[in-house]
Amino acid sequence: MKTKEIVDDVTMKRAITRITYEIIERNKQLDNVVLAGIKTRGVFLARRIQERLHQLEGLDLPIGELDTKPFRDDMRVEEDTTLMSVDITGKDVILIDDVLYTGRTIRAAIDNLVSLGRPARVSLAVLVDRGHRELPIRADYVGKNIPTSSVEEIVVEVVEVDGRDRVSIIDPT
């Protein structure tokens, strides 16, 4: 098994800053935007984007935490640990996750969102898009496109959970 670091902490910070600038440029009314991080690492990325938006625009956008497990089609979990302190009906919700792969987690996140309200618009921001979609889902904001083979694995580490920021690719062969 071979592990290779492909994104270090500095590059990750730049990618998050780039996503933040794109959010500012593409959303005319930022006061209608709600950030929704997908547990676990997507929540921490959402908080960083929220912090950068505050630094750049002086806005304190609401942020929620989406638990996709109860909405997945490949597992059965009853407990839903979603935290959404704002009504998302009529809001522009930006889903935020660490890796976009098959699209199944995003589908589950959208199912969770519509159970909470009816957003005006839903868009997707991901740190890494690795390809290999099984569903017709694409990211609106991408930090890094990293094409992989289907046997490789992308591992995102964030300092809040893992003690460091980095993205690695693992080749099991």
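In case you wondered, yes, glycine gets a Cβ from its N, Cα and C as well.
The substrate binding site feature in Swiss-Prot is assigned to Thr40, Arg41, Asp97, Asp98, Val99, Leu100, Tyr101, Thr102, Gly103, Arg104, Thr105, Arg130. Within the same chain, residues at least 6 positions away in sequence whose Cβ sits under 8 Å from that of Thr105 (substrate binding site) are Ile38, Thr68, Arg72, Asp97.
Here the motif 'PRPP-binding' (93-105) has, by DSSP, the following mix of helix, strand and coil residues: 2 helix, 8 strand, 3 coil. Under the heading motif 'PRPP-binding', Swiss-Prot lists 93-105.
Within 10 Å of the Cβ of Val99 (substrate binding site) there are 19 other Cβ atoms, across all protein chains. In the predicted structure, the motif 'PRPP-binding' (93-105) carries a mean pLDDT of 98. Annotation note: Thr40 (substrate binding site) sits in a coil segment as assigned by DSSP. When other Cβ atoms within 10 Å of the Cβ of Gly103 (substrate binding site) are tallied across all protein chains shown, the result is 18.
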